[in-house]
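Visitor: Have a look at the structure that comes next, please.
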Number of protein chains: 2
Amino acid sequence: MAKDTLLVLSGGMDSTTMLWDYADTIAAAVTFQYGSNHNRREAECARWNCERLGIRWIEIDLEFMGRYFKSSLLSGADEIPEGHYADDNMRSTVVPFRNGIMLAVAAGLAESMELKKVMIANHSGDHAIYPDCRPEFVRSMGAAISDGTYEHLELLAPYTDMTKGEIALRGKNLGVDYSHTYSCYKGGEHHCGKCGTCVERREALEFAGIVLDND
Amino acid sequence: MAKDTLLVLSGGMDSTTMLWDYADTIAAAVTFQYGSNHNRREAECARWNCERLGIRWIEIDLEFMGRYFKSSLLSGADEIPEGHYADDNMRSTVVPFRNGIMLAVAAGLAESMELKKVMIANHSGDHAIYPDCRPEFVRSMGAAISDGTYEHLELLAPYTDMTKGEIALRGKNLGVDYSHTYSCYKGGEHHCGKCGTCVERREALEFAGIVLDND
């Protein structure tokens, strides 16, 4: 299979599963720093997994987002709300048009590297709260990327209709070691278990029957 | 009129004309640094015009583009081809998905600032060479910005079907001082007159009957 794809890799469960799932078509993975509490630990996990698979890993700093953008995700751990993604108070964790920005940069980077496809691991559990994770956004952003690049790059989002639990089950079957994934919005050494992403993570791991010590 | 718009302002003729043309709706303008030869001089012009109009000016550094992206525009003045935009050799000046990236960042910034619209000054002369200036790209990127933001931000590109000459004529009638605009790809003190953007600039100024000393 052609290695013609650039993956947007956060270092969390979903994109790490996708890295292992599509490793035979992924030429490189890009991880973005945007000044959030948890970016550093996520990036370490992203690098770890790319090294295991022998896939080129690129880290890009979007430091202007931490400076100009409004989100509790960029404001220190104390500001992070606790609860489920679907809760109203989770809206403060939205980083405006974050996926739009990451996909746009990934598209330009992919065309610079003479790759043909960009891949992102949005899934059905993100849809309620984050507009830039929904299927209609992925479709229109895919059209913009195709229209705006010379080689009409393609945007792939193969987990769009899967739940996080289904992704975890797929990763378990692929042998993904989820102790080398990170996503807690508070950014501590261990997952806090209470913020939106931690609640979703624990439910997904439980669904897949995966037990992690000290997560 | 509501001041609810963020303008992507390069500091060249087209976006500077748009700044003056739509000043009563523009809350802020954003200029991007991406490591090109001519960015610094463009930015000085962008700031100068915003100061004159009392419009907030924001500068954002996309330094990763200079590091990772492939374009003669990012490679030093010697690499810049001479001739008309329509010429084949101009393709080397394309910065992959540059407008996509600038618009995505502008959309996130606008939503962070609680603005409702993003505006860009692409025009009909850009279409042949730059895929991310064409009407179909503006349409699909507009859909992506609307779908991917909470408040369904709108993308405006009112010069899409105008020629650069028509824009210059409009600016002349608005009293725009084009000696405070800059666009030469070579980035020297004066416009070189030979690179793609200089050829277009001179033709447009001539069309509008504008004479600039030492341009």
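For all residues, glycine too, the Cβ spot is worked out from N, Cα and C.
Feature table excerpt (TrEMBL):
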| type | residues | note |
| --- | --- | --- |
| BINDING | B:L9, B:S10, B:G11, B:G12, B:M13, B:D14, B:S15, B:T16, B:T17, B:M18, B:L19 | ATP binding site |
| BINDING | B:C184, B:C192, B:C195, B:C198 | Zn(2+) binding site |
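Just tell me what is around each of these and how deep it sits.
Guide: Non-local contacts of B:M13 (ATP binding site) by the CB criterion (under 8 A, 6+ apart in sequence, same chain) comprise B:K164, B:I167, B:A168, B:G171, B:Y178, B:T181, B:S183, B:R201, B:A204.
In the three-state DSSP assignment, the secondary structure recorded for B:C192 (Zn(2+) binding site) is coil.
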Visitor: Validating a neighbour-count step here. Other CB atoms within 10 A of the CB of B:C198 (Zn(2+) binding site): how many?
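Guide: Looking across every protein chain shown, the total is 20.
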Visitor: Going by DSSP, give the three-state secondary structure for B:T17 (ATP binding site).
Guide: helix
Visitor: Sorry to bug you, but what's the C-alpha spacing from B:L9 (ATP binding site) to B:C184 (Zn(2+) binding site), rounded to the closest Å?
Guide: 15
Visitor: Please identify, from the binding-site residues B:L9, B:L19, B:C184, B:C192, B:C195, the residue with the sparsest Cβ neighbourhood, meaning fewest other Cβ atoms within 10 angstroms.
Guide: B:C192
Visitor: Measure from the CA atom of B:C198 (Zn(2+) binding site) to the CA atom of B:G11 (ATP binding site) and give the result in Å, rounded to a whole number.
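Guide: About 14 Å separate the Cα atoms of these two residues.
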